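Okay, structure first, notes after.
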Amino acid sequence: LTAKLSYPIYDDLDIYTRLGGMVWRADAKNNVGGGDRSNHDTGVSPVFAGGVEYAWTPSIATRLEYQWINNIGDAGTVGTRPDNGMLSVGVSYRFGQDEAAPVVAPAPAPAPQVQTKHFTLKSDVLFNFNKSTLKPEGQQALDQLYTQLSNLDPKDGAVVVLGYTDRIGSDAYNQRLSQQRAQSVVDYLVSKGIPAGKITAQGQGESNPVTGSTCDNVKQRAALIDCLAPDRRVEIEVKGV
């Protein structure tokens, strides 16, 4: 019975030693005075061994070993007490050493899908014509909008308020008016509780009209104002909800 101690030299090559003991039984038969005499003895002797071992696979290895056993037998009993030395080459097989399956990292969780919600309010509901101050009806409309925004938890996203005018008036005037109207909506929603750092106002002037060429043949001013009403609007985009 021996204990094996190994030390790796390379990934697959080890040197090792074995230390322990061997229980032995020695039998002797001598011819004494014309007759045979048998004798035997038992005992324990130390075992020393050393070698190198190369692993071809996790299960199969080849080894070269020298083993020494000291004092086998008893000179007083069996007439001799030899030592035993042995050089051996062997192959070993380890059970249960199959290569482990590669560890597959779990797939990363999909990135949360960023959605953008759109709301459109008529400027004629929010403001008087050519004005940027909210009407009471406009405040009521924004109160309802704020309730919807709260349900979307806009604190986790960004809110962009886009102001649009119709094409009546100069480009510079319409740009300024659209910015003022968008800012009025932003200020009101901030007063309701939307963080100021999460909401911005952008005036778009008379760009992106929704009426197209519908009103091109309308000449009377009052009728043209009514026809272009859909272009006068405030759009609200809630991003990242």
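Just so you know, glycine gets a Cβ as well, placed from its N, Cα and C.
Per Swiss-Prot, the feature transmembrane segment maps to 1-8 (among others); the stated evidence is similarity to another entry.
Annotation comment: Swiss-Prot describes 13-21 (among others) as transmembrane segment.
Residues or ranges marked as transmembrane segment in Swiss-Prot: 46-55 (among others).
Taken from Swiss-Prot, the feature transmembrane segment covers 60-67 (among others). Long-range contacts of the transmembrane segment (60-67) within its own chain (CB-CB distance under 8 A, at least 6 residues past either end) are made by residues 18, 47-54, 84-94.
Annotation source Swiss-Prot lists site 'Part of salt bridge gating mechanism' at Arg63. For Arg63 (site 'Part of salt bridge gating mechanism'), the count of additional Cβ atoms within 10 Å of its Cβ stands at 16 [all protein chains shown]. The secondary structure of Arg63 (site 'Part of salt bridge gating mechanism'), as reduced to three states from DSSP, is extended strand.
According to Swiss-Prot, the transmembrane segment annotation covers 86-94 (among others), on the basis of similarity to another entry.
Annotation source Swiss-Prot lists region '4 X 2 AA tandem repeats of A-P' at 105-112. Helix first, then strand, then coil: DSSP counts for the region '4 X 2 AA tandem repeats of A-P' (105-112) stand at 0 helix, 0 strand, 8 coil.
What Swiss-Prot lists as domain 'OmpA-like' is 114-241, and the listing cites sequence analysis.
Long-range Cβ contacts of Cys227 (disulfide bond) within its own chain (separation 6+, distance under 8 Å): Thr211, Thr214, Cys215, Val218. DSSP classifies Cys227 (disulfide bond) as helix under the three-state reduction. Under the heading disulfide bond, Swiss-Prot lists Cys215-Cys227, citing similarity to another entry as support.
All protein chains shown were included, and the count of other CB atoms within 10 Å of the CB of Cys215 (disulfide bond) stands at 20.
Below 8 angstroms of C-beta separation, residues 1-7, 44-55, 65, 67 of the same chain, each at least six residues beyond the ends of the transmembrane segment (13-21), sit close to that stretch. With DSSP classes pooled into helix, strand and coil, the tally for the domain 'OmpA-like' (114-241) is 58 helix, 28 strand, 42 coil.
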